[in-house]
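See structure below.
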Amino acid sequence: MNAPLGGIWLWLPLLLTWLSPEVSSSWWYMRATGGSSRVMCDNVPGLVSRQRQLCHRNPDVMRAIGLGVAEWTAECQHQFRQHRWNCNTLDRDHSLFGRVLLRSSRESAFVYAISSAGVVFAITRACSQGELKSCSCDPKKKGSSRDNKGTFDWGGCSDNIDYGIKFARAFVDAKERQGKDARALMNLHNNRAGRKAVKRFLKQECKCHGVSGSCTLRTCWLAMADFRKTGDYLWKKYSGAIQVVMNQDGTGFTVANKRFKKPTKNDLVYFENSPDYCIRDRDAGSLGTAGRVCNLTSRGMDSCEVMCCGRGYDTSRVTRMTKCECKFHWCCAVRCQDCLEALDVHTCKAPKSADWAAPT
C-alpha cells in the first residue's frame, strides 16, 4: 500500500497543517518558499481563502512580503539576542517558531507586532522603489505645504505608508478576523500596534535650494526610518506589555491587575505568563539555554547566572583574527595589521537530567 511519490508531495502541505501546532500566521513560512507565485500561494500551509486570493492577485507584493520575513525575523533575533528565548526559528516548521507561540505570552505579542510591522515596511519600501504594480510614491504629497520652518514644496518620493498599512491589514489580519476567540483578538491588537509603530517613525526629509545653500526654497518628502527604530520601540512595548483578560461579553480586554492602566492601541497585550525557557521543553516549544554563550561580567539577562539558570557554565579558549596596530596614512587611508586574539568563551551547561536533549 505504498503511495506513489507524486501523491506524497500532493498531500504534504495538508499533512504539515494537520501535524504542526496551530499558529495563525503561517504566511511567515513564505520566507522559505520559492518558485512561481501560484506554487507559493497554493503550497504555504494554513493560508485562508482571503490570503490566497490576495496572494494570487498580487504576486509582486507577496515577493516583497517574503523578503521582508527575513528582515523582521533578524530584527526579532537582534532584540532578543541577550535573552533565554532568542527568537530562534525552525526551518522545517511552517509556523517558523514552532510551539512557543501557542502560548499567549509576551513573546507571542512581540512576534505578531514585529511581523505585522515588517509587512508594512517591506510593502511600503517596494512601492517607493517602483517594484509593485499596484502602488508607487504617496500620491497625496503634491503641491506646497507649511511646517514650523516655513513653506516648502512636496517633491521626491514620499513613502506610501498608507498603502502598506492597508494591504498589511487585509493580508495579515485575514485569519484572525475569521475567529472571535480571545487569542484572535490578542493577535489583532498586537498586529495593529506593530503597524502603528512603523508609521510613528515616518519623518520629513528636505533638501535646500538657493544660492550657497541659503535654503530659500525647500523640497520635502516623507520617509520611513530604519527598521531598527521600529524594533527598538516594540522592544520597549514588550518590556512594558500589559497582561489582560477577556471582558464579560467577549468583545475586548480588561487588565488582569486592576492597579495597571488600560492598554492603549500602541501597547502590546498578552494573556499567559511566559515559561522560563531554561530547559528544552517539547510542550512549551522551548529549546533551553544549554550551549548558549553567556557574559561572565554582565549583571543583565545575558549574564551567565541568569542565562544559564544557575546551572553553571563551561569555559573554552578560542582565537580569532582581529585588526590591530591601525595607522592613518596621508591621505586618506587607515592601514591595519591582522592579529590573532585569544579570548575565553563561556557557554551554559546542560541540565543534569537525562531527558533535556529530547527533540521538540
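Each residue, glycine too, has its Cβ placed from N, Cα and C.
Per Swiss-Prot, the features are as follows:
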type     : residues      : note
DISULFID : Cys76-Cys87   : disulfide bond
DISULFID : Cys127-Cys135 : disulfide bond
DISULFID : Cys137-Cys157 : disulfide bond
DISULFID : Cys206-Cys220 : disulfide bond
DISULFID : Cys208-Cys215 : disulfide bond
DISULFID : Cys278-Cys309 : disulfide bond
DISULFID : Cys294-Cys304 : disulfide bond
DISULFID : Cys308-Cys348 : disulfide bond
DISULFID : Cys324-Cys339 : disulfide bond
DISULFID : Cys326-Cys336 : disulfide bond
DISULFID : Cys331-Cys332 : disulfide bond
CARBOHYD : Asn295        : N-linked glycosylation site
LIPID    : Ser212        : O-palmitoleoyl serine
SIGNAL   : 1-25          : signal peptide
Residues satisfying Cβ distance under 8 Å from Cys206 (disulfide bond), sequence separation of at least 6: Phe152, Arg218, Thr219, Cys220, Trp221
Top Cα neighbour of Cys348 (disulfide bond) in the set of disulfide-bonded residues Cys135, Cys294, Cys339: Cys294
In the chain carrying Cys309 (disulfide bond), residues 6 or more apart in sequence that have Cβ under 8 angstroms from it: Arg84, Asp276, Cys278, Ile279, Thr289, Cys348
For Asn295 (N-linked glycosylation site), the one of Cys157, Cys208, Cys336 that lies nearest, given that the disulfide-bonded residues are compared by Cα: Cys336
Nearest recorded site to Cys127 (disulfide bond) by CA-CA distance, among recorded positions Cys76, Cys157, Ser212, Cys304: Cys157
Cys324 (disulfide bond) and Cys336 (disulfide bond), distance between Cα atoms, whole Å: 6
Neighbour count (Cβ, 10 Å) for Cys208 (disulfide bond): 12
Rounded to the nearest Å - Cα separation of Cys332 (disulfide bond) and Cys326 (disulfide bond): 13
